[in-house]
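Positions annotated as domain 'CN hydrolase' by Swiss-Prot: 1-253. Swiss-Prot lists Glu43 with the feature active site, proton acceptor, giving sequence analysis as the kind of evidence. As annotated by Swiss-Prot, active site, proton donor applies to Lys115, with the evidence given as sequence analysis. As annotated by Swiss-Prot, active site, nucleophile applies to Cys158.
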Amino acid sequence: MKPYLAAALQMTSRPNLTENLQEAEELIDLAVRQGAELVGLPENFAFLGNETEKLEQATAIATATEKFLQTMAQRFQVTILAGGFPFPVAGEAGKAYNTATLIAPNGQELARYHKVHLFDVNVPDGNTYWESATVMAGQKYPPVYHSDSFGNLGLSICYDVRFPELYRYLSRQGADVLFVPAAFTAYTGKDHWQVLLQARAIENTCYVIAPAQTGCHYERRHTHGHAMIIDPWGVILADAGEKPGLAIAEINPDRLKQVRQQMPSLQHRVFV
């Protein structure tokens, strides 16, 4: 692992696949021009509409998204963490996986994860979200991809961040960097987003790269923004605020080693 710049992109995706991919391309280009070697895209970057719309277009979204990610990685010679996007479930009409993927600069897929924790909640602002109505939960733990260049990358998606046992599993598999792409609601995000990300970073002494959605996507769907990169001590290295853009910061193996030596909590676990 070497020091490198990572970027967490922040988008306002809408129910328009073509426009969303165009926005994503512009932000990837911006990140690469600023020196990023690892670029993260938020949950629902390719399409953010209601669940019925998303399911009706799931095959088209998945096909276009996979081609787009391969093309972007090759064109910009950058590693891309992307998720999630809908991927149809074979033999299950009316269901798709919420999928994250890791793409190498040559366009090869290095890792894939289907979100296991589905967002079925009644938010106090009056909105109800029932992800399981159209999304099939993944059945496997998320992967940790072991990279000589970028460290060990652990995948997750949005609502997963509320389940610390998932990230403890990733840390036990050697994760150095935790990927948390999200479309956090505006209501929950203002109180929970930053706290949860810092907690996952601190308790696992890992970097966190958290791309995000922001703003108004369609009627009654507003997201929090604040894409972030956080160091293993819980320090916020970059915050994209509330407008589309990016958070960019250095991932440094010396800092990772320093924190783990100064606060060796992973070595002190009793209940493992």
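Placed from the backbone N, Cα and C atoms, the Cβ positions cover glycine too.
For Cys158 (active site, nucleophile), the number of other Cβ atoms no farther than 10 Å from its own Cβ, over all displayed protein chains, is 26. DSSP classifies Cys158 (active site, nucleophile) as helix under the three-state reduction. Classification of the residue listed as 'active site, proton acceptor' by DSSP places it in coil, neither helical nor stranded.
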